[in-house]
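As given in Swiss-Prot:
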| type | residues | note |
| --- | --- | --- |
| MOD_RES | M1 | N-acetylmethionine |
| MOD_RES | T254 | phosphothreonine |
| TOPO_DOM | 1-26 | topological domain 'Cytoplasmic' |
| TOPO_DOM | 48-56 | topological domain 'Lumenal' |
| TOPO_DOM | 78-97 | topological domain 'Cytoplasmic' |
| TOPO_DOM | 119-124 | topological domain 'Lumenal' |
| TOPO_DOM | 146-170 | topological domain 'Cytoplasmic' |
| TOPO_DOM | 192-218 | topological domain 'Lumenal' |
| TOPO_DOM | 240-279 | topological domain 'Cytoplasmic' |
| TOPO_DOM | 303-310 | topological domain 'Lumenal' |
| TOPO_DOM | 332-347 | topological domain 'Cytoplasmic' |
| TOPO_DOM | 390-402 | topological domain 'Cytoplasmic' |
| TOPO_DOM | 424-446 | topological domain 'Lumenal' |
| TOPO_DOM | 468-480 | topological domain 'Cytoplasmic' |
| TRANSMEM | 27-47 | transmembrane segment |
| TRANSMEM | 57-77 | transmembrane segment |
| TRANSMEM | 98-118 | transmembrane segment |
| TRANSMEM | 125-145 | transmembrane segment |
| TRANSMEM | 171-191 | transmembrane segment |
| TRANSMEM | 219-239 | transmembrane segment |
| TRANSMEM | 280-302 | transmembrane segment |
| TRANSMEM | 311-331 | transmembrane segment |
| TRANSMEM | 348-368 | transmembrane segment |
| TRANSMEM | 369-389 | transmembrane segment |
| TRANSMEM | 403-423 | transmembrane segment |
| TRANSMEM | 447-467 | transmembrane segment |
Amino acid sequence: MGPGPPAAGAAPSPRPLSLVARLSYAVGHFLNDLCASMWFTYLLLYLHSVRAYSSRGAGLLLLLGQVADGLCTPLVGYEADRAASCCARYGPRKAWHLVGTVCVLLSFPFIFSPCLGCGAATPEWAALLYYGPFIVIFQFGWASTQISHLSLIPELVTNDHEKVELTALRYAFTVVANITVYGAAWLLLHLQGSSRVEPTQDISISDQLGGQDVPVFRNLSLLVVGVGAVFSLLFHLGTRERRRPHAEEPGEHTPLLAPATAQPLLLWKHWLREPAFYQVGILYMTTRLIVNLSQTYMAMYLTYSLHLPKKFIATIPLVMYLSGFLSSFLMKPINKCIGRNMTYFSGLLVILAFAAWVALAEGLGVAVYAAAVLLGAGCATILVTSLAMTADLIGPHTNSGAFVYGSMSFLDKVANGLAVMAIQSLHPCPSELCCRACVSFYHWAMVAVTGGVGVAAALCLCSLLLWPTRLRRWDRDARP
């Protein structure tokens with residue numbers, strides 16, 4: 001809910017943030033963005049292709065991370081609100097951000113490093129148990145940093161224009177983070193991978209991922225946490241959380257009756273009885289499935305189905321992200337011209353075109369760059385539009401907006417983890433690093449996560465066209 005008109009004698013509005021303060025805030029999520037890019041793009045590839053763990057084992061670890069993230073996100077938000085009176089001098093939000101940052105810094109490098117104390121005779125289940133606690137700690141830290149950083153926006157600024165500006169700066173550094181990860185991955189694969197090739201060794205062997213690439217991913221994770229730690233330090237040095245006033249006690253001039261509001265409040269229990277809540281929620285979930293699963297399985301598709309050199313696991317995701325970033329600038333004018341639903345549908349058409357291209361083409365070759373442009377543009381279109389649809393659904397009911405976002409976030413994270421586990425369970429050679437069946441498996445997995453889920457998203461969109469989102473009026477004094 002936006003601020004009302006200033007009352008007589010009210011304190012003046014806070015001064016706008018300086019450019020340094022705005023930039024300091026914007027870099028506070030840089031570490032999370034770096035880690036998230038590496039987590040979704042390279043975790044399965046590292047565990048299965050480099051560490052030679054079974055496909056089910058790799059999928060189980062990713063599922064553990066997604067479930068831990070989904071559970072920690074609402075719990076951290078609840079505890080952060082409860083602890084608002086703690087750490088008053090430093091700021092409760094910054095304190096939670098610091099806790100999350102430390103957890104991420106201490107746990108993330110171990111996820112992309114060999115199991116300490118494990119040998120050739122160590123059973124796989126023991127290695128998976130070793131990685132499990134580090135993944136849970138990382139996801140707890142990631143959620144703590146994300147929630148505290150987002151909740152700082154209304155603490156730092158009150159003007160809607162400044163809120164949009166902070167969000168835009170935050171997204172700009174997200175772009176920089178993804179470019180940094182993919183650029184560093186390409187550089188490490190190019191330099192460190194080629195330096196290990198002996199003069200008598202076939203050059204094609206150096207283009208295949210394997211145990212020799214463990215230092216590449218270990219160094220990439222160390223680079224990620226090193227750079228992220230510097231930006232997190234800049235955030236804590238340059239961001240000052242404003243002190244919250246204590247709960248206001250009723251005074252002499254406080255009206256006994258609250259003024260009537262034009263719009264009744266929607267509580268969390270009311271959302272559960274709104275069909276539109278489930279319509280938009282399922283659409284958002286399918287959108288996230290397309291975006292995250294295509295990012296997760298793109299590296300596997302490039303490696304096993306197209307047999308491309310390993311540098312492509314860095315260059316193709318980079319092309320996808322740049323394509324999506326550039327296409328996001330077209331979202332506002334397109335939305336104005338054809339509306340939310342048709343904008344989302346246009347993005348789906350682009351993704352379905354990519355899926356059809358992959359399904360029908362025997363080998364893409366260099367054309368994989370053009371396909372990556374299509375997928376990146378389509379994913380950015382449906383993701384931005386689905387977020388706008390969620391904001392439209394909440395509308396003026398911001399008092400329960402956190403419940404809506406939290407519910408949809410929990411649903412999409414758990415669904416992503418379960419989907420990955422299901423795909424990994426169908427892997428034709430779970431006990432081998434790769435076999436002939438992998439070629440067609442990852443080919444059709446890529447078609448399924450884009451085309452198959454895209455069809456499901458189209459059906460959800462049709463339900464919104466047939467039954468537009470309309471919220472009923474609820475009497476907050478009425479019993480549910």
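Every residue gets a Cβ built from N, Cα and C, even glycine.
When each of 125-145, 171-191, 280-302, 369-389, 447-467 is scored by its Cβ pairs under 8 Å to the transmembrane segment (98-118), the top-ranked stretch turns out to be 125-145. Long-range contacts of the transmembrane segment (369-389) within the same chain: residues 280, 283-284, 287-288, 290-291, 294, 298, 316-317, 319-328, 331, 335, 340, 343-344, 346-351, 353-354, 357-358, 450, 457, 464, 469, each at least 6 residues beyond the stretch ends and with a Cβ under 8 Å from a Cβ of the stretch.
Mean pLDDT, taken over the topological domain 'Lumenal' (303-310), works out to 85 on the 0 to 100 scale. Across the topological domain 'Lumenal' (48-56), DSSP assigns 5 helix, 0 strand, 4 coil. Contact between the transmembrane segment (403-423) and the transmembrane segment (57-77) holds: at least three of their C-beta pairs are under 8 Å, each pair 6 or more apart in sequence. Secondary structure of the topological domain 'Lumenal' (303-310), assigned with DSSP and counted as helix (H, G, I), strand (E, B) and coil, comes to 3 helix, 0 strand, 5 coil. Comparing 57-77, 125-145, 219-239, 311-331, 447-467 for CB pairs under 8 angstroms to the transmembrane segment (348-368), the maximum falls on 447-467. Taking pairs at least six residues apart, the transmembrane segment (125-145) and the transmembrane segment (171-191) share fewer than three Cβ pairs below 8 Å and do not count as touching.
Counted as Cβ pairs under 8 Å, contacts with the transmembrane segment (171-191) are highest for 311-331 among 57-77, 219-239, 311-331.
Packing against the topological domain 'Cytoplasmic' (332-347) from elsewhere in the chain are residues 283, 377-382, 385-386, 388-389, 392, 458, 461, 464-465: each is 6 or more residues past its ends and has a CB under 8 Å from a CB in it. The recorded stretches the transmembrane segment (27-47) and the transmembrane segment (219-239) share 3+ CB pairs below 8 A when only pairs 6 or more apart in sequence are counted, and are therefore in contact.
Note on the topological domain 'Lumenal' (119-124): residues 53-54, 57 of its chain, located 6 or more positions outside it, place their CB under 8 angstroms from a CB of the stretch.
Counting residues per DSSP class in helix, strand and coil order gives 1 helix, 0 strand, 5 coil for the topological domain 'Lumenal' (119-124).
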